[in-house]
Structure formats: structure tokens, C-alpha cells
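Asker: A single structure is presented below for examination.
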């Protein structure tokens, strides 16, 4: 079973982004964090290192991780075989629109019927029931779309509503998979900011494989 993250680890990152904070036991500091206004949808090409290390870590209990980060690759292929690829990332705050919905609203709001779309998402957590429903509606009316979703963690996976939503995604042809250590390395290389003129190797955390196996088993039980 994946290990619970230590309280100190959960407290270390700033509100949701992973920056260090001090004096979190101070009631005024906590109130300041709680009263932060909702974040708007943020888009970009590469996300900061500390965001990746905190938000994408595949811990069992995701305390403090109140955002969804979605890295995407969109391949649009014509009948002649020519393909165009775009990539980037989205982040949200759960008080506002979720990243999955924002993707279809801002990144791919329309589909050219003459093209075939292969879309891959690398998401910090699996879709909630509402986002799964939005994905289902898009897949049902867009026959030229193939979607692969790789997730770091399962969001509220014990809830029957969420389990049912994930099953419906599978039935609709959406492929769901838990991220392997190699997938985190891919995100590191392709979606995380690197020092100018310097590319650091990905350093997996201690329990990355154990937690992958934990979530892989849970997802298999849900989708069987």
C-alpha cells in the first residue's frame, strides 16, 4: 500500500503549488491561505519544477493538492497521413472550472471532421464525476477523437459515483491508465521547466513504484 505522506510534507508546500511556507500553525496565516480567491485557468508550455514535484507526486493521501494539473499532447492527422502535434499544460483550482473541462473549452474547442485526433493527457489526478461526464459527452459526439488519460493518483476512488464514472469512460472507449515511473520521467523531460542550458535528470521519489502498483490495483478493481 502506498505510504501516507507525513504531516510535515503536506504542510511544507505553499497553498497548492509546493513553495515553502513557515508558521502554518499561525491562525492568521491559515486564514490567509483559506481566504485566497479562486485561481483562474492557467495555460503554458512547461510548468515550474516545484509544481511538478508536489502536484504530480503519486501519494495515497493528497493533502493540500487542491488543483488539477493536466499536461497534454494533441496529434491531428489528415487523411493523407500528415500529422500536426501540439502540447502544453493546464492548471486549475477546484473552486472554479476543472482542467479537463477547460481543455475542451480553450485548447480544443472544435474538431475538424477531416482530421483524426489522438489526444494524450497526463493528469495529476483522475477526473471527478462531473468532468468524466463532460468527457463522455465530447467522445459521444466526436467520433474522430481518441483519448488516453494517464493519471498520477485516483481522485475519491472509493466513492460509488466516481467509480461508475470511470467505468463509463472505459465503456466509451477512453483509455485510462495509472502513470508508471517512466511516465513521470516523460513529463519531466517534456513539460517541466529546465535550467537554461542545463537539463537535469529525473530523480524518482522513494515510493514511486510502490504507489504506482497501489493505484494500478485500485483502478483494475474499479474497471473490471
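Cβ atoms are placed via backbone N, Cα and C, with glycine included.
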Asker: Kindly point out the range from 1-23, 24-46 that TrEMBL annotates with region 'Disordered'.
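Answerer: Checked against TrEMBL: region 'Disordered' maps to 1-23.
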Asker: For a three-state summary based on DSSP, what are the helix, strand and coil counts in the domain 'CMP/dCMP-type deaminase' (64-169)?
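Answerer: Result for the domain 'CMP/dCMP-type deaminase' (64-169), in helix, strand, coil order: 32 helix, 37 strand, 37 coil.
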